[in-house]
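Comments concern the structure below.
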There are 2 protein chains.
Amino acid sequence: MRIVNLTEETRKNILKDLLKRSPSNFGSYADTVEKIVNDVRDRGDEALFGYTKQFDKADINAGNVLVTKEEIEYAYTQVDEKLIEVIRKAKENIRTYHEKQRQYSWFDSDPKGIMLGQKVTALESVGVYVPGGKAVYPSSVLMNIMPAKVAGVKNIIMTTPCNSEGEVYATTLVAANEAGATAIYKAGGAQAIAALAYGTESIPKVDKIVGPGNIFVALAKRAVYGHVSIDSIAGPSEILVIADETANPRYVAADLLSQAEHDEMASAILITTSKELAEKVSAQVDEFIKVLSRKEIIRKSIDTYGYILLADNMADAVEAANAIASEHLEIVTANPFDVMTRIKNAGAIFIGEYSSEPLGDYFAGPNHVLPTNGTAKFFSPLSVDDFIKKSSIIYYSREALEEVHEDIESFAKSEQLTAHANSIAVRFE
Amino acid sequence: MRIVNLTEETRKNILKDLLKRSPSNFGSYADTVEKIVNDVRDRGDEALFGYTKQFDKADINAGNVLVTKEEIEYAYTQVDEKLIEVIRKAKENIRTYHEKQRQYSWFDSDPKGIMLGQKVTALESVGVYVPGGKAVYPSSVLMNIMPAKVAGVKNIIMTTPCNSEGEVYATTLVAANEAGATAIYKAGGAQAIAALAYGTESIPKVDKIVGPGNIFVALAKRAVYGHVSIDSIAGPSEILVIADETANPRYVAADLLSQAEHDEMASAILITTSKELAEKVSAQVDEFIKVLSRKEIIRKSIDTYGYILLADNMADAVEAANAIASEHLEIVTANPFDVMTRIKNAGAIFIGEYSSEPLGDYFAGPNHVLPTNGTAKFFSPLSVDDFIKKSSIIYYSREALEEVHEDIESFAKSEQLTAHANSIAVRFE
C-alpha cells in the first residue's frame with residue numbers, strides 16, 4: 001500500500017480524487033432513471049412490474065408482489081439459528097442506542113399569556129430500500145428499520161429486489177421481520193423508489209425513503225427528493241485511521257481492509273505520525289490481502305483510493321481528517337479521547353484499538369448508515385431524527401398581542417405587506 | 001370567496017391542485033439552471049459576474065462584490081430608527097426561542113468498558129440566500145441567520161442580488177448586520193447558489209445553503225444538493241384556518257388574506273364546521289380586498305387556490321388539515337389546544353384567536369421558514385437542527401469486545417465479508 005507524505009498539496013489531490021466517486025457525477029444515467037421514475041409515477045403497477053421483468057427477469061404481479069407470512073416463515077427455516085440469535089442481540093443494541101436519540105415536544109410559557117413550543121411527530125409512513133444484487137446485508141435491514149421503529153413510524157414499507165424465481169434472500173426477510181417491517185414488497189432499482197414515492201396500485205406511497213442502493217437507486221432518490229424526503233445519498237464506503245507509534249499494525253491493516261472489501265470505489269486511508277507504523281501497515285496489508293476472499297475488489301480499491309499518509313504531527317493529521325470528513329474514523333493513538341475532541345467531521349468515530357470498525361457495522365448499536373464522500377461536514381448518521389418532524393406552536397393571549405401589536409404592524413408595513421399588518425390591526429380596532 | 005362542502009373528493013381535488021404549485025414541476029427551467037450552475041462551478045467569478053451583468057444589469061467585480069463596512073453604515077442612516085428597534089426586539093425573541101432548540105452531545109457508559117455517544121458539531125460555514133426582486137424582507141434575513149448563529153456556525157455567508165447601481169436594500173443590510181452575518185456578497189439567482197456551493201475566487205464555498213428564492217434559486221439549490229446540504233425547497237406560502245362557530249369572521253378573513261398577498265400562487269383555506277362563519281368570512285374577504293394594497297395578487301390567489309371548506313364535524317376538519325399539511329395552521333375553535341393535539345402535519349400551529357399568522361412571521365420567535373406544499377408531512381421548520389450535525393462515538397475495551405467478538409465475526413461471515421470478520425478476529429488470535 002502506497003506511503004505518501006501528508007502535505008497540503010497531497011491532501012487536496014486526494015480529496016479531489018475521492019470526490020470523483022460522488023453520485024452527482026454519474027450524470028449519464030440520470031435521464032434513464034428519470035424516465036423510469038416518471039413512467040412508474042404515471043402508469044403505476046403496470047410500469048413497475050414491466051421493469052421488474054426487464055431488469056430482474058421476474059414475473060411479479062399484484063398477486064405476488066407482497067411477501068407473504070408463509071414466505072417469511074419459510075425464510076426462518078433457511079437461516080442458521082445462531083445467526084438469528086446474533087441478529088436479535090444486535091437489534092437490541094441498536095434499539096437501546098437509538099432510544100437515547102428520541103426527541104420530545106417541549107413548550108415554554110410566559111405569565112403574560114404566551115406559550116411557544118415545538119411539537120414532535122413521527123412520520124406516518126416510510127419506505128426502506130434494501131438492495132439485493134451482489135451481497136445480502138441483514139445488518140443494513142436492521143440499521144434502516146430500527147430508528148423508524150423507535151421514532152414511532154406506523155407504516156414501515158420495505159422493498160427489495162427478488163431473483164428471477166420471485167424469491168427474496170431469507171436473511172433479509174428474517175432481519176426485516178425481526179426489526180418489525182410492516183410490509184415487504186418485491187421491487188428493486190429506480191422503479192421501486194418511484195413506487196414508494198408516488199404509490200402504485202400495490203405499493204403505498206410513503207413520506208420518506210431510506211436505504212442504500214446502486215447508482216440507479218441513488219439517482220432515483222435524488223429525482224423524487226422534494227416530493228418525498230430521502231436520507232442522504234450514500235456513496236462508496238470509507239475508512240480513515242489516525243494512528244501513532246502505539247498502534248498495532250496488524251489491527252490497523254485489518255481495519256483498513258474491512259472497508260476496502262466493500263467496493264472497488266471504497267477508500268481506506270491511514271494517517272500516521274509514525275514512519276515505522278506506516279511501513280509495517282503497508283506490508284501487513286499485502287499479507288492480509290493474499291488470504292482474504294474478496295482480494296480482487298480489495299486490491300483495486302486499495303490501489304486506487306487507498307493511502308498511507310505520513311503526517312509531521314498529530315495536529316496535521318487531525319486537520320487532514322477534518323478536511324476528508326470520512327464516513328468511518330478510527331483513532332488509535334496514545335490518547336484517543338483527546339484526539340476525538342479535535343475531530344469536527346466524521347460519520348462515526350471509533351476510539352481506541354479494540355473499537356474496530358466492524359463492531360459498529362454490526363453490533364455496538366449506533367447506526368451504520370453514515371454520511372460518505374465528505375458529506376459528514378453537513379450530514380449526520382441515520383437516526384431517529386430522520387423519522388420525526390417538528391411543528392412550531394404559537395399561542396398569544398389578547399394581552400400579550402396587544403403589548404406588541406404596533407411593533408408587528410410596523411414591521412409588516414416596512415415590508416409593504418399591508419394584509420399582514422391588517423391581520424394584526426383588525427384585532428385592536 | 002368560494003364555499004365548498006368538504007368531501008373526500010373535494011379534498012383530493014384540492015390537494016392535487018395545490019401540489020401543482022410544486023417546484024418539482026418546473027422542469028422547463030431545470031436545464032437553464034443546470035447550465036448556469038455548471039458554468040459558475042467551472043469558471044468561478046468570471047461566470048458569476050457575467051450572469052450578474054446579464055440578469056441584474058450590474059457591474060460587479062472582485063473589487064465590489066463584497067458589501068463594505070461603509071455600505072452597512074450608510075444603510076443604517078437609510079432605515080427608520082423605530083424599525084431598527086423592532087428588528088432588534090424580534091431578533092431577541094428569535095434568539096430566545098432557538099436557544100431552546102440546541103442539542104447537546106451525550107454519551108452513555110457501561111462498566112464493562114463501553115462508551116457510546118453522539119457528538120454534536122456546528123456546521124463550519126453556511127450560505128444564506130436573501131432574495132431581492134419584488135419585495136424586501138428583513139424578517140427573512142433574521143429567520144435564516146439566527147438559527148445558524150445560535151447553533152454556533154462560524155462563517156455565515158450571505159448573498160443577495162443588487163440593483164443595476166450595485167446597491168443592496170438598506171433594511172436587508174441592517175437586518176443582516178444585526179443578526180450577525182460574517183460577510184455579505186452582491187450575488188443573486190442560480191449563479192449565487194452555485195457560487196456558494198462550489199466557491200469562486202471571491203465567494204467562499206459553504207457546507208449548506210438556506211434561504212428562499214424564486215424558481216431559479218430553488219432549482220439551483222436542488223441541483224447542488226448532495227454536494228452541499230440545503231434547507232427544504234420553499235414553495236408558495238399557505239395558510240389553513242380551522243374554525244368553528246366561536247371564531248370572529250373578521251379576524252379569520254384578515255388572516256387568510258395575510259398569506260394570499262404573498263404571491264399569486266399562495267393558498268388560503270378555511271375549514272369550518274359553521275355555515276354561518278363560512279358565509280361571513282367569504283363576505284368579509286371581499287370587503288377587505290377592496291382596501292388592501294396588493295389587491296390584484298390577493299384576488300388571483302384567492303380565486304385560484306383559496307377555499308372555504310364546510311366540514312360536517314371537527315374530526316373531518318382535522319383529517320383534511322392533516323392531509324393538506326399546510327405551512328401555517330391557525331386553530332380558532334372553542335377548545336383550540338384540544339384540536340392541536342390531533343394535528344399531525346403542519347409547519348407552524350397558531351392557537352386561539354389572538355395568535356394570528358403574522359405574529360409568527362415577524363415577532364414571536366419560532367422560525368417563519370416552514371415546510372410548504374404538503375412537505376410538513378416530513379420536513380420541519382428551519383431550526384438550529386439545520387446547522388448542526390452529529391457523529392457517533394464508539395469505544396469498546398478489550399474485555400467488552402472479547403465478550404462479543406464471535407457474534408460479530410459470525411454476522412460478518414454471514415454477509416460474506418471476510419475482511420470485516422478478520423478485523424475483529426485478528427485482535428483475539
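Any Cβ shown, glycine's included, is placed from N, Cα and C.
Annotations in TrEMBL come from automatic prediction, not curation.
Classification of B:Asn214 (NAD(+) binding site) by DSSP places it in coil, neither helical nor stranded. Around the Cβ of B:Asn214 (NAD(+) binding site), the number of neighbouring Cβ atoms within 10 Å comes to 16. Taken from TrEMBL, the feature NAD(+) binding site covers B:Tyr129, B:Gln191, B:Asn214.
Under the heading substrate binding site, TrEMBL lists B:Ser237, B:Gln259, B:His262, B:His328, B:Asp361, B:Glu415, B:His420. According to DSSP, B:His328 (substrate binding site) sits within a strand segment. Remark: B:His328 (substrate binding site) has B:Ser237, B:Glu238, B:Ile239, B:Leu240, B:Gln259, B:Ala346, B:Gly347, B:Ala348, B:Phe350, B:Glu357, B:Gly360, B:Leu370 as non-local neighbours, by Cβ distance under 8 Å and separation of at least 6 in sequence.
If you look up TrEMBL, you'll see B:Gln259, B:His262, B:Asp361, B:His420 marked as Zn(2+) binding site. Within the same chain, residues at least six positions away from B:His262 (substrate binding site) with a Cβ under 8 Å of its Cβ are B:Pro236, B:Ser237, B:Ile297, B:Ser301.
For B:Glu327 (active site, proton acceptor), the count of additional Cβ atoms within 10 Å of its Cβ stands at 29 [all protein chains shown]. The active site, proton acceptor annotation in TrEMBL covers B:Glu327 (among others).
Summarising the annotation, TrEMBL assigns active site, proton acceptor to B:His328 (among others).
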Cβ within 8 Å of the mean position of the Cβ atoms of B:Tyr129, B:Gln191, B:Asn214: remaining residues of the chain near NAD(+): B:Pro131, B:Thr159, B:Pro161, B:Gly188, B:Gly189, B:Ala190, B:Ala192, B:Ile193, B:Gly213, B:Phe216, B:Val217, B:Ala220
Pairwise Cα distance for B:Glu415 (substrate binding site)/B:Glu327 (active site, proton acceptor) [Å, integer]: 44
Assigned element (helix, strand, coil) containing B:Asp361 (substrate binding site), judged by DSSP: helix
B:Tyr129 (NAD(+) binding site) versus recorded positions B:Glu327, B:Asp361, B:His420 - nearest by Cα: B:Asp361
Cα-Cα distance linking B:Glu327 (active site, proton acceptor) and B:Asp361 (substrate binding site), given in Å to the nearest integer: 12
Fewest other Cβ within 10 angstroms of its own Cβ, chosen from the binding-site residues B:Gln191, B:Ser237, B:Gln259: B:Ser237
Pairwise CA distance, B:Asn214 (NAD(+) binding site) versus B:His420 (substrate binding site), rounded so that it is a whole Å: 48
Site with most surrounding Cβ atoms, counting all protein chains shown within 10 Å, from the binding-site residues B:Asp361, B:Glu415: B:Asp361
